[in-house]
Amino acid sequence: MKGSFVPSSSPYDVSSGARSQTSAMMGDGGGMLSDPPLGVSIDSVQNRQVIDVSGKVQERDFAGTPYVPVYVMLPLGVINMKCELVDPDSLVKQLKILKSIDVDGIMVDCWWGIVEAHAPQEYNWNGYKRLFQIARQLKIKLQVVMSFHECGGNVGDDVCIPLPHWVAEIGRGNPDIFFTDREGRRNPECLSWGVDKERVLRGRTAIEVYFDYMRSFRVEFDEFFDDGIISMVIVGLGPCGELRYPSNPVKHGWRYPGVGEFQCYDQYMLKSLRNAAEIRGHSFWGRGPDNTGSYNSRPHETGFFCDGGDYDGYHGRFFLNWYSQVLVDHGDRVLSLAKLAFEDTCIAAKISGIHWWYKTASHAAELTAGFYNPCNRDGYATIMAMLKRHGAALNFTCSEMSMLDQHVDFSEALAEPEGLAWQVLNAAWDVCIPVSSENALPCHDRDGYNYLLEKAKPMSDPDGRHFSAFTCSNLSPLLLERHNFVEFERFVKRMHGETVLEYQT
């Protein structure tokens, strides 16, 4: 889950609600005020939905702890639809400020809808080339995201980057290339995994399209790979770039904490389900369950997700095995080609934290997202084994979700962000997968940073395991305000394991 508020004063600042449904759970703000005095939380001064966990995390000394690189996310609209870098002079000034406090690098989305917008295999990387040259001049490293999804459509979004025009044109004639719910509503946020191996994209399969795009990027920016400026490639694997189904789309009326809906009703996914049922010897199982409620149902309101419900029956277990395996197989196919395209560069996959209904037996919201993780089954081990096969790192975006508890009623949704994070992180660390993370909400106060530090370098871990990198959301004038920037600099030093001298307030 990832979302953030960014003030509107910079020409390329936007909300990043498109990256996840976090913004649907929280209020969105606008405008920017003058600096509040040090010691006053941003939340109380600006009435913004930001992290403030005053008094909840006891501060400890991180001097001498492992070095965790810190990256800062660039705004979603830093490259416009013409693939031009927006306001490069302002960006250079901001990056120099970040460099002055030893921030390791920046993260940027490389949007499919911008680069291959008009015709198949006609790529325009101009804006990214300008951005990467600036990063190299400043000796700032890059985490790049291969963003094969749409940007826009979630609460708070004020930027829209659709899928390529030629893909949308194909979709108008064949809407089954998109994920589809039981009522037949299409979601053009990304392509259905049912077309991974179907030649429906002007003679190419979706997997071939993704590979050609990644290969073009690798060739275009060869020198940046060779000199180590590009430190990681995060491979988009679904909506918001995350390996999951688009089970909770705001555009279709979903609101937290609805269980969401299964997204397997395009003709290609249904064909796969029918084939799986026939192989099992029960052809009548070649359909989705019919008692799962709607997007905003609660588990106990449905016959499928309630305690003792059909999710744990013969047909339910068959369906969920198939549904979750399609997710794993999609990740497996795309990452195998990403590994081929990017050779010795670290690749990573994003997994979101679907934490609501975690305390129920069915874990309903996880099931519709494709994580087969009820209380009697580990739904993340199979995913981690797949990542391990490709030497891919995990980028997990739920590490600080429990800090939302001042604004979101977790008890109503029987949510447990801490328990989910514990399960996912240990599933990765147990098979020696590097784990990086991002904060889902803006963080500007010391208590919030203390919380993130405790997650990045858990004191209680007997093996001394820690994050391999951390990315902050996100570069904006708000982050660079004096009082916020002082706390951010302090956070960076502690992430780096340096001694921090207290400043005078």
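Every residue, even glycine, has its Cβ placed from backbone N, Cα and C.
All TrEMBL annotations are machine predictions without curation.
What you see is a predicted model, and the numbers here were worked out from it, not measured in a lab.
According to TrEMBL, the region 'Disordered' annotation covers 1-29.
If you look up TrEMBL, you'll see 1-24 marked as compositional bias 'Polar residues'.
Here TrEMBL flags GLU242 as active site, proton donor.
GLU438 (active site, proton acceptor): 26 other CB atoms within 10 A of its CB, across all protein chains. For GLU438, the entry in TrEMBL reads active site, proton acceptor.
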Within 10 angstroms of the C-beta of GLU242 (active site, proton donor), what count of other C-beta atoms is obtained when all protein chains are considered?
25
Rounded to an integer, what is the Cα-Cα distance in Å between GLU242 (active site, proton donor) and GLU438 (active site, proton acceptor)?
13
